[in-house]
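K.L.:
One structure coming up, written as structure tokens, with questions to follow.
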Amino acid sequence: LPPPMAPRFGPLQLGLAAAGTAAAVLDVCVDGWMAAEYAWGGQPGLAALVLGLLAIASVATQACSWLWLRSDPPALRPDVPQWLVAVLHLLQLGFLFRCLHALRVGWKVCWEKAEEEEQEQSRMAFLSHDISMLRLFETFLENTPQLTLLLYVILQTDKAEPFQGLGICTAFLCVTWSLLDYHKSLRSFLQDKYELSWCSSIVYFLWNLFLICPRILVVALFALLWPYSVAVHFPLVWLAMFLWVSLQGTDFMESPGPEQLYRAMVAVILYFSWFNVAQGRTLYRSIIYHGFILVDSTLLALSWLWCQSGSEEHSYLIPLLSAALPCYLLGLALRVAYYRWLHPNLQAQREGGYDVVDANGRTDGLEFRSLSVPDLVNRRMQWLAQAQFPVSRTVGQRFPNGAAAL
């Protein structure tokens with residue numbers, strides 16, 4: 001039996017897109033609230049840090065959004081003057097404009113009788129994939145450093161204000177949800193991929209949460225000892241990740257200059273979480289990455305424990321730190337369980353007898369959702385999907401012309 005076709009955009013997806021847009025606006029409002037509270041509380045440095053993280057994430061995201069819009073097919077560009085779109089990006093409103101434009105197209109797909117329905121579906125898929133990727137970039141450039149800052153301030157003052165608690169909750173939710181949304185978006189991009197079940201989605205959400213939490217905790221504790229040491233640690237690890245990404249030969253952007261921007265943003269993601277960017281077997285790269293992060297986080301934790309020995313200050317954090325390693329190992333165990341028992345490809349094997357292997361660099365067997373409308377192929381997500389998902393050897397043999405594949 002052939003795998004199911006990719007789900008069509010409907011009212012549920014429109015509601016989730018609207019909720020994602022509202023969450024992005026809420027996140028900015030919470031950041032403004034935190035900055036105002038710090039400024040009024042006599043901590044202008046912290047207020048500047050919050051606004052600085054927001055500004056860096058916004059500028060990088062808007063730059064990517066503008067570069068993508070310029071390289072998009074004419075059929076996908078908004079029906080507004082190009083200069084107006086440029087002004088909106090300069091005003092840091094380009095991402096919000098994309099979200100609202102996608103909601104408008106989604107409303108048309110769901111409720112209006114479009115004469116070219118398949119083209120509208122492909123157009124909506126194109127727009128939603130870009131939004132998912134931009135949200136991932138903005139989240140990791142803003143929310144993960146912000147989480148570390150919030151936790152550092154709370155540990156330093158031994159108290160948590162309501163705005164800090166809200167900031168931590170919204171930031172953690174944004175980080176883990178953006179990873180899940182990105183993964184689901186990539187799967188829906190392929191014509192014949194099985195969708196994530198609710199159980200698979202929950203496990204995917206939890207494993208990312210359990211892997212990110214210990215990393216943020218040890219970095220915050222390290223900053224608690226030497227606040228300025230993070231300004232040395234982060235650039236060094238970021239540089240190592242940037243070089244690693246560069247050696248993998250990414251081809252995401254349209255030209256070499258913007259490609260360096262993409263690699264720089266991916267390096268920030270890798271500081272906190274695993275992110276695959278290259279085709280081929282991912283097992284060994286994943287082992288190398290998690291081994292590096294585990295060693296680095298362990299050294300940060302041991303540094304804090306060594307300086308904490310003999311001191312009663314912050315001694316209550318020792319049990320919390322002791323739980324960080326089991327939490328990280330639990331996240332790895334959930335990841336293994338996901339790929340062993342809950343991955344959608346296992347359903348494909350059970351129902352269609354597909355012989356799923358790890359990605360081997362072949363791309364001729366992959367059929368992308370937007371190929372029904374050739375001008376609407378999202379080359380960026382196509383490249384990521386080729387790197388992210390395996391190719392079925394059996395299906396490639398059955399359909400040598402690439403008519404269907406995993």
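Numbers run from 1 along the shown chain.
From the backbone N, Cα and C atoms, a Cβ is placed for every residue, glycine too.
What TrEMBL says about a protein is an automatic prediction, not a curated fact.
Because the structure is a prediction, the values reported are computed rather than measured.
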K.L.:
Which range, 88-105, 232-249, does TrEMBL list as transmembrane segment?
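P.N.:
Checking TrEMBL against the ranges 88-105, 232-249, the transmembrane segment one is 232-249.
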K.L.:
Which range wins on Cβ pairs under 8 Å with the transmembrane segment (287-306): 46-68, 163-182, 202-225, 261-278, 318-338?
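P.N.:
Comparing 46-68, 163-182, 202-225, 261-278, 318-338 against the transmembrane segment (287-306), the winner is 202-225.
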K.L.:
Between the transmembrane segment (318-338) and the stretches 46-68, 163-182, 202-225, 261-278, work out which stretch tops the count of Cβ pairs under 8 Å.
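P.N.:
Looking at each of 46-68, 163-182, 202-225, 261-278 in turn, the most contacts to the transmembrane segment (318-338) are made by 202-225.
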K.L.:
Take the C-beta pairs under 8 A between the transmembrane segment (46-68) and each of 163-182, 202-225, 261-278. Which stretch has the highest count?
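P.N.:
By the under-8 Å Cβ criterion, the transmembrane segment (46-68) pairs most with 261-278.
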K.L.:
Six or more residues beyond either end and a Cβ under 8 Å away: which residues meet both conditions relative to the transmembrane segment (261-278)?
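P.N.:
Those are 60, 63-64, 136-137, 140-141, 144, 175, 179, 208, 211-212, 215-216, 234, 237-239, 241-242, 244-246, 248-250, 252-253, 285-286, 289-290, 384, 387-388, in sequence order.
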